[in-house]
Structure formats: C-alpha cells, structure tokens
C-alpha cells in the first residue's frame, strides 16, 4: 500500500528536514575554535524588575588547553561607549582554569521591567582566555636599607645566629627574645598587630650576591618574618617580626634560608598571611578582615599592607572572584603601591564576607602583552560592573579612535557635542568593525568554508588556528582586530590569546540562530542565542542577622 503524497512544507518530509536542519545547527555550534567568541543572546526564561539582579545562564561552555584566565566581558557598542548604567548590565566574569560555563550577573539598571518579549532584552559579550606563563616571585626579598645616619641607628637588639653553607643556600638558625610593640591596624581582623625587629651578623653570607630569604620554621605559629633588610656595609641582616595574636611569645626560634633568586617580580613584604602563593603564576588574595555589605553600607575598601615591584618587566593584574551580588574592583595594580580594592553591593540582599575568604587572584603578564591605549595616562582598575571589552582595528586604536573611558552618571543625557562625536565616529568605525549580518542572509553561513574535521576534531582546529596566527604575525597587518579593554586603558593582540574551544548547548539554539566567522576564524560570532535567568543563591548569613532570633524585622542592628 503506497503512502499518500504530502504537500510541500507538510508531512514526514518536512519534519525530517526540520530535524536534519536542527541537527546540523547543533553540530555547527557544538565545537567552535577561535581566539575570541562574540555571543549575542536574547534574555528569556523569566522577567527582571527594574533595579534588580539575577543570574544569566548563557548556556555556553569554553575550554582551553592550558591554565588560563577565562574572561567574559560585556561588549562595547562603539569605540566611544561609556559606562552608562541605565540599561541591562553584565558583570565581568574571570575564572582561572581550563574550562568554564558562562554564568554571569545581570543587573537591570533601566527604569522598566524586563520581560522575554521586550525590545531591549539583547546583550552581547566577548569571551577570551589570557595565558598564564610561569613567573618566579621572591616572597621575602632582601632590600638594602636606606642611609639612617650611621652605625648608631642600627637596631639595638641583636641575636646570635648559627650559619651553615649548603649546596645552594645558607641555612640560618637563631633564637631571639623580641621586644614587642603593639600597633593598631583597622584593616586587620584583630585590629592590631605586634611588631619587633632585630639584627644579626651576616658572617660568611655574601650580601652582595644573595637577594632572597625563605622562612622554613618558627617556634610560634602566629609569628612570622614580615620584612628583611641589609645594611649598607653588608655586615648585618635585619629582620622585622609580626605576631597576630593577643599574646606574643617571649622567645622565638627561627630557621630560614638565604639564597640567590634574581626574580623579576618581588613582593615588598612577606605575602603571608593574606597572599597565598600559587604554583606557577601569582597569588590568591584572602580577605584580611570580615565585613558585611548592606543597603545602608553598600561599600567597603579592602586593604592589603603589601605591594609588588616588577621593575617594568611585568603587569600585575587582579582578577576578582565571582560572588553573586557583589562587584569588586579588577584590573592593573601599580608597582610599589599598597593594594586597595573597593567592594560594592549590587544585589538586593546583604552579603557577608568572612576573614581569609578568597577575594580574587593576582597574576603577572610580561610587559608587552598589554599595551597602554594611546592618549591614556596610565593603566587603571574598574569595578566588575564596569568591565567592557571590544574588537577594533589596530589602526583605529593607535590613532586614538577609542576615546577616554569614563563612567557616565545614570540618568544624565549626553551633550550635543558628545552626540555629534558619536555619530561621526560610528560612521567611520562601524564599517571596519565586523558586525553580524541579517538573520535571513546569514543562517549558518559562517561555516560554509569550514570542513567537518575542523568542527569535530579539537586538535585539528587548534592546529589551524596556530598556523593562521603565525601567518598574521609575519604579515603584521595593521587592519587586524585587537582586543581592547577600555575599562583598563589597555589592548592586546588576538595572536597572544589562548585559543578557545566553544560549545553552545542545543537548548540555547533557536530557528534564527546563526554563526559568523571573521579574521580567518579568530573571531566567531554566535548570534540570536537563547539564555535563561536564574535566581541568585542565598548569600552567606552575616553575624548581625543570625544573632537575632526575633521574628520582628529591624531597620538597623542594635548597638
């Protein structure tokens, strides 16, 4: 018995065509290889009231072949875009590792409620990976003390040390009776610290050759070497001790080694206890004092009594943790300047951050990876809600086409001169900036030139990307796109980024979803992708809120 013929667009043939088209789309989106991913998504799966915060699941996974900093920043709309916190805003996300699922904070700073059918529910982000090369750092550097007026100003308290020469360092053992002095410090959990200093003769240690010290053992767990110095004559080593408990010991035994390191990056003081060393590159920053962010007190400044000195060989960048409802300053840290980070509440509920809770990571990048944008005085850091990234031609960046990145006050309209400048710049720069083509003309057109092996085989895709990267480095095309982080006043070459392997979940695809490829596949655009809203997880309860057992709410805590 023969089957009845079905009309075009109906019946089993049309269903099979739709299924095959969906499978083809899923396969194209399933394995992408690029240097930078541009993701244009439509917010669905719920509503977002004005002035509220929710988590946005972009339904996209990114992977790299080596440990890197995986970043996801909101894309600049134009070269002269400002931080206009009057619309949908995505908080910058930074994760250290080899894979990440893009889940970001979404704030609605606009005056209207966001619904799935609203017009302004489209956001664009850029995802990229920053390489982490091995950078040796001296934790306790032997600084030469400045002139203090003579031998009489040397610390009066001295200690006798036992010094022994080993294969690669000098081992020092000594016992000292510290003369403790109490010093108040509001940035610490205890609010105080006990300090002491003493000196011992270097003996056979050549102070003109050694430059680092490592503490191996101490008789008291709360006592540590904070700083070390040598005198101008090269005869004495001075140690500065810190003790962070209410009762310092009367006698301290120390065992440490003195050696030659010649590190390009050194810490001004001992990183312990608020900077935890990472294996190959950088430190994890721990909160020195617990605090609570509320709607009455939405800001807090974290201070770390330490700094780094790179001798202009590296850039020091701080990447904050992803704490829902909290925005932390991120970006370059200047040399020899105390670390200060502003933490701001962006959600609706109070957030409590504990003592020694990880706040972020500090990593080092060799000088030349980040280039200061022409016309900018210096690299700066910005809160996570103000992190932006853009792709612009190198020639435009070098001639100063990317303007000063300044925050704009919410609710203030731009001046006539700013509007005219933006219109002129848009006409000049939009032609050179790759933008997605219309949906009807670009349906899955971005992969017509790509082979099936490239999409299915990760190694083949990465090899092709590396070959193209080498070709562009040799050619030196000034019209090539660069990754600009206007929030930090820096830009970087796409060739220096770590290649990404991207997979978009099948549930995020829509009939109008499409792909686009630019810069020989270095920039991949996945547009018209569906993303969903999630509720913000309940924050950690603060001691103020847990201490009260009354069911009656209070406007402020009782003092």
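Placement of Cβ uses the backbone N, Cα and C atoms for every residue, glycine included.
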404-440, 441-477, 478-514 - the one Swiss-Prot records as region 'Disordered': 404-440
Might you list, by sequence position, any residue in that chain lying six or more from residue 218 (S-nitrosocysteine) with a Cβ less than 8 Å away from its Cβ? 224, 252, 253, 254, 255
Same-chain residues six or more away whose CB lies under 8 A from the CB of residue 223 (phosphothreonine)? 241, 242, 243, 248, 249, 252
